[in-house]
Amino acid sequence: MAAGGSAPEPRVLVCLGALLAGWVAVGLEAVVIGEVHENVTLHCGNISGLRGQVTWYRNNSEPVFLLSSNSSLRPAEPRFSLVDATSLHIESLSLGDEGIYTCQEILNVTQWFQVWLQVASGPYQIEVHIVATGTLPNGTLYAARGSQVDFSCNSSSRPPPVVEWWFQALNSSSESFGHNLTVNFFSLLLISPNLQGNYTCLALNQLSKRHRKVTTELLVYYPPPSAPQCWAQMASGSFMLQLTCRWDGGYPDPDFLWIEEPGGVIVGKSKLGVEMLSESQLSDGKKFKCVTSHIVGPESGASCMVQIRGPSLLSEPMKTCFTGGNVTLTCQVSGAYPPAKILWLRNLTQPEVIIQPSSRHLITQDGQNSTLTIHNCSQDLDEGYYICRADSPVGVREMEIWLSVKEPLNIGGIVGTIVSLLLLGLAIISGLLLHYSPVFCWKVGNTSRGQNMDDVMVLVDSEEEEEEEEEEEEDAAVGEQEGAREREELPKEIPKQDHIHRVTALVNGNIEQMGNGFQDLQDDSSEEQSDIVQEEDRPV
């Protein structure tokens, strides 16, 4: 038997073929899934306890012997071995190992068990393609806002994998874009910033449940919506000029290039848009241009320009303050860009020492207008020159203001003097009027009061006036060339040639006598005037 142990094998295979052909229609008892390059174990039924002789076959067009527990039968390949004297162990699976395997067990009776081995492969080499606007130097993809982005994912797998896309925005959970067994391509139209994040392609082998995934970051860029803004200012803590350029509202931050105009000399380039210039680089009227560029912005970019100018000062050259009072000195700066820093100094008592706010000095500034208010003026402390200085990196300007401190005026004395002068003038005018008036008339009394008073009206021709008139007549006769003028002036005087003194008195309100007396006086005056005319007619 030992010598001819291998002789009966052909007859056994023929019998097994006939038996298996009738058994296949019964159905399979187990399905085992393995993966390429992995190992798998196929069990012979579900029986526990004492087992008989086991032989494994593979069902192709005809049964193929693989392995038997009979030590006299060698395995078909070294990859095949028995585990626990019943199970078939296959090493390093390949896609060709997939198929139906049959186990024959001979104990008291012969039993047959079938196992279906399925071999899965992959997914391997997932390839993700995202067609976007561009790629950064580090490999990160970016898309311009409002553009179209195409996504595709490919993987080698058996059976073909199920492809699923996942999206995760910043600081949020993942969400699925759906899965498909056949289509692994989709597009996003008019992409927006809220779709910026990580896109993951997941390929799943439904047979082996093995999956692979590839995550790709996609950034959504957009330029600022408005024009850039630039300005100049004094740097804090130093006497330098700071140029600042801003172009806000875009992502990512743009690039800034400062150049000097005209000439195009590059001042500096940075992501911050800030450049520092020393005084040696500055001059009145010089222009600086900021040129901005964005990765998805217009190719020509955008720009803005600043022009620096030195300050000019305007102030009152002289101010006056009364002792104990208050005075305000003003200083106005115009034309300065960037705005100048305004300082107040003394050039007499405290040369080049900046005046600081105190209880006596109040400094206020509104824009480019500054005021210095001095309280409780003192001639010893406050009188003198004050300097208003405008400091700017472009230039320094100074203006001197003279403050004069005086004693307050005596208002009462001034008013008294004016009143005295008015009274003196009135007295002089009254004296002149009294001196040159020929006739005076005083009316005394008031008949309406009904008082019992004696009212007297008196007309008096003094001896002195008569003598003066006679002298004037004699002088007129001497000067023949002045005769005519003297004759014109003579009627204005009332001569008293008859030297008659008339007195009319009204006593106890006798109105009738007063009227008669007044009439007699008028008659006498008329006679005197007629006598004067007759004398004028006589030859001299």
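Just so you know, glycine gets a Cβ as well, placed from its N, Cα and C.
Note that the structure is a prediction, hence the values are computed from the model and not measured.
Of the listed residues (Asn39, Asn59, Asn446), Swiss-Prot tags Asn39 with N-linked glycosylation site; the rest carry no such note in the record, though that does not show they lack it.
Among Asn70, Asn154, Asn369, the residue that Swiss-Prot annotates as N-linked glycosylation site is Asn70.
When Asn171, Asn376 are compared with the annotations in Swiss-Prot, the one labelled N-linked glycosylation site turns out to be Asn171. Asn198 (N-linked glycosylation site) sits 11 Å from Asn171 (N-linked glycosylation site), taking the C-alpha atoms as the reference points. Mean predicted confidence for the topological domain 'Extracellular' (31-413): the pLDDT average there is 90.
Looking at Asn70, Asn138, Asn180, Asn326, the glycosylation sites in this record, the fewest other C-beta atoms within 10 angstroms of the C-beta turn up around Asn138.
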